[in-house]
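**Student:** Have a look at the structure that comes next, please.
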Amino acid sequence: MLDIKRIRMNLDEIKAAMARRGEKGFDLDAVVALDEDRRTILQEVEQMKNEQKTVSKEVPKLKKEGKDVSEVMEKMKTLSAEIKNLDVKVKEIEEKMEEILLRIPNVPHPDVPQGDTDDDNIEVRTWGEPTQFSFEPKPHWEVGVNLGILDFEAASKVTGSRFTLYRGMAARLERALISFMLDLHTDEHGYTELLPPFMVNRASMIGTGQLPKFEEDAFKIPQKDYFLVPTAEVPVTNIYRDDIIEGDQLPIKYVAYTPCFRSEAGSAGRDTRGLIRQHQFNKVELVKFVRPEDSYEELEKLTNNAEKVLQLLGLPYRIVRICTGDLGFTAAFKYDIEVWMPSYNRYVEISSCSNFEDFQARRANIRYRPDTKSKVEFVHTLNGSGLAVGRTVAAILENFQQEDGSVVIPEAIRSYMKGFEKITAK
């Protein structure tokens, strides 16, 4: 959520930022007008309260002098009723303001490139060379089906489209990757591991920015008004909702594995085969709470932590700086890590690493105290996939496939696979 004071003081700048994003559907002038009404009423309330105090002081004085206080008491009663009515008006205005503010996206950082689609993202760096084959490589879903380790038909029968049943070595590979990623981020990168709930309440979804705008993309449990987590970012960030963190605790670094659930509304026809776009998938997520002055340095570190997974697995990738049109609702700045997928003949997103600045913190009211003598401020929040597990499985099946249909297991995870070096058909 944007600070209303920031909008009021820099209205033209905020309008220009929204224009950079190509965003519409909300009225910045309206929210500024509502804020003006709110502040005017609050001034009236303050004046009435001061008058109320002055009048209340007259009562004991008049009583002491033996004079009638009924007129003064009636005036106090009238002032009290007027204040109560104005308080109701302020609450109504604030609710209208919040309704608008919750739908306004974050302001892009000045270094975010201008653009409309992912074609306008800017490549920052690459690692490794695209995998070359002496044969025509198969897409990962064919590799998995031929090996008997991915069963899309059974998953479709059990549930529906965009679900996968992992069998045998695929299930072991998925589990191995989750453990490998968690161990790397805790043991080498200093994150604390969490295992959060896989369902969250509405306040949590609002806090991280999924609601109200993206409710159609969420899986809801209507009996409780709970939501299946679209990402571990939601429960982990909301641990500190409405809390004040002591400054000496920052930065706080968490890593969490969760299954993720997304309806993928609006993605019909995109990546309909394989593991790339599923309704349910596993992900290891990195989340940071940091001081504002440190947030961009911490974003670089977080991105480095995520890409280390791919380096150890030996998977070629690139990092791109995301343009305004592809930035997403909550981020001020974002990197995507894209892994090379031979069957696509292109790089495919496997991680997004974002700095939200104080956007989520304002929505979730997450503050910190810089030191014992300072006023509280909003923290900056960051997160990134470290990594999307299903897409990592897909990348391994594609990049390490052999001409005989087998798949070489990356050396870094063989200890998690009971020493198996290769996946072969049974």
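Each Cβ is built from the backbone N, Cα and C atoms, and glycine gets one as well.
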**Student:** Quick check: of Ser134, Ser385, Ser406, Ser415, which does Swiss-Prot put in the same L-serine site as Thr231, Ala232, Glu233, Glu285?
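**Tutor:** Matched candidate out of Ser134, Ser385, Ser406, Ser415, per Swiss-Prot for L-serine with Thr231, Ala232, Glu233, Glu285: Ser385.
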**Student:** Return the count of C-beta atoms lying within 10 angstroms of the C-beta of Glu349 (ATP binding site), excluding that atom itself.
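**Tutor:** There are 16 of them.
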**Student:** For the binding-site residues listed here (Thr231, Ser263, Ser385), tell me which residue's CB has the most neighbouring CB atoms inside 10 Å.
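**Tutor:** The largest 10 Å Cβ neighbour count belongs to Ser385.
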**Student:** Using a 10 Å cut-off, grab the number of neighbouring Cβ atoms around the Cβ of Arg262 (ATP binding site), all chains included.
**Tutor:** 20
**Student:** Looking at the binding-site residues Thr231, Ala232, Glu233, Glu285, Ser385, which has the shortest Cα distance to Arg262 (ATP binding site)?
**Tutor:** Thr231
**Student:** Closest of the binding-site residues to Glu233 (L-serine binding site), Cα to Cα, picking from Glu349, Ile350, Ser352?
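**Tutor:** Nearest by Cα distance to Glu233 (L-serine binding site): Ser352.
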